[in-house]
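Below is one structure, written out as structure tokens; the observations come after it.
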Amino acid sequence: MRRCRACGSPRLLYHSELYDLSIAHIDCDAFYASVEKRDNPELADKPVIVGGGKRGVVSTACYIARIHGVRSAMPMFKALEACPDAVVIKPDMEKYSRVGREIRTMMQELTPLVQPLSIDEAFLDLSGTEKLHHDPPARVLAKFTGRVEKEVGVSVSAGLSYCKFLAKVASDLQKPRGFSVVGEAEALSFLAARPVTTIWGVGKAFAATLEADGIRMIAQLQEMEESELMRRYGVMGQRLFRLARGIDERHVHNNDPVKSVSSETTFFHDISRHEDLVPILRSLSEKVAWRLKKSGIAGQTVVLKMKTADFKSRTRNRRLDDPTQLADRIFRTGLALLEKETDGTKFRLIGIGVSDLRDAGLADPPDLVDRQATRRAAAEAAMDKLRDKFGKGSVETGYTFRTRK
């Protein structure tokens, strides 16, 4: 690697493996905020925060806001303390999803092997695409980043390597508008100089465990035997051993299944009364059920998520006898879990979802014992038909109607 003779930039000019690498990670830069700035040029030089009201959290902060210390998932009141002049914009997920799909389509023009991680990032396997594009993957990727900014109006950062782990690490190196490469020959030395939090799965809690054992840098992991790491940290020890050496044999898949479907909301004021939480839970359950039905899937485990006024999270779950995509079953299962949590505690957030997803053909067999459940399922099916014909807000249950009072 060498620096530019004209400006001295350390950004890559030459790499011995540049035309041999084919695994890419694409990540849009401050995506939600970038879309808002694209649609309103007056925001170009202003700090922009996309997120909820004062009681919500930051979804995305533009790079100007980040200079002031604003970060994703930061409570909004703290973000505004750090950057009081920020322009706060309520998230428009429909718009972001639309832009994300546009970029995804452009990715799929490069290769059929596109593995989305979210609406604004994905892995791409560009192996074997040279004949199609008449260019090696590195050039194809560089052209792609420029095309996205020109045609869509948002910038992206790209990482190119020989494996998924290092491609993702590389895409974070020079944001925004980054294009970074990590080759196989340099992987060990590149990783050795980085903290253990670079490794997937090493969050704050596990990093603290490693630090208690005197391990802060990946170089220290590289000096340890796999057996010793597994003795100390179990299966995670094997991951530490392999990723610390740049060993990642996972392939890019374009059909990774969705693992869960959920919906949550943050309250404007803390809520402690059970009767006030019930209609909100019902409304969220209907949103989850609607998404399941539209996707042709069902979930067998219902998950209740709550966050207390002091930001402590609670997660409860219950496995059903068979998969469901009915709002009524999701709600009633969640309600049983909720009843054990409403003891006067003040909550700032509630969410409901399902995991352990299955094909919808296995969902909700007739209940031969509870005839009322069968009637409720029939009523829900009738409401679904009305919503399909007249819109989602055309018919509501008594529970959800109470939330609009």
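Any Cβ shown, glycine's included, is placed from N, Cα and C.
These come from Swiss-Prot:
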type	residues	note
DOMAIN	23-203	domain 'UmuC'
BINDING	Asp27, Asp120	Mg(2+) binding site
SITE	Tyr32	site 'Substrate discrimination'
ACT_SITE	Glu121	active site
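Its Cβ taken as reference, Asp120 (Mg(2+) binding site) is surrounded by 24 other Cβ atoms within 10 Å in the chains shown. In the three-state DSSP reading, the residue listed as 'active site' counts as strand.
A 10 Å cutoff on Cβ-Cβ distances gives Asp27 (Mg(2+) binding site) a total of 20 other Cβ atoms nearby, all chains included. Taken together, the residues of the domain 'UmuC' (23-203) have an average pLDDT of 94. Most Cβ neighbours within 10 Å, among the recorded positions Tyr32, Glu121: Tyr32 holds that distinction in the structure as shown.
Put simply, Glu121 (active site) is 4 Å from Asp27 (Mg(2+) binding site) when counted between their Cα atoms.
According to DSSP, Asp27 (Mg(2+) binding site) is assigned to a strand segment. Following the DSSP three-state reduction, the secondary structure of Tyr32 (site 'Substrate discrimination') is helix.
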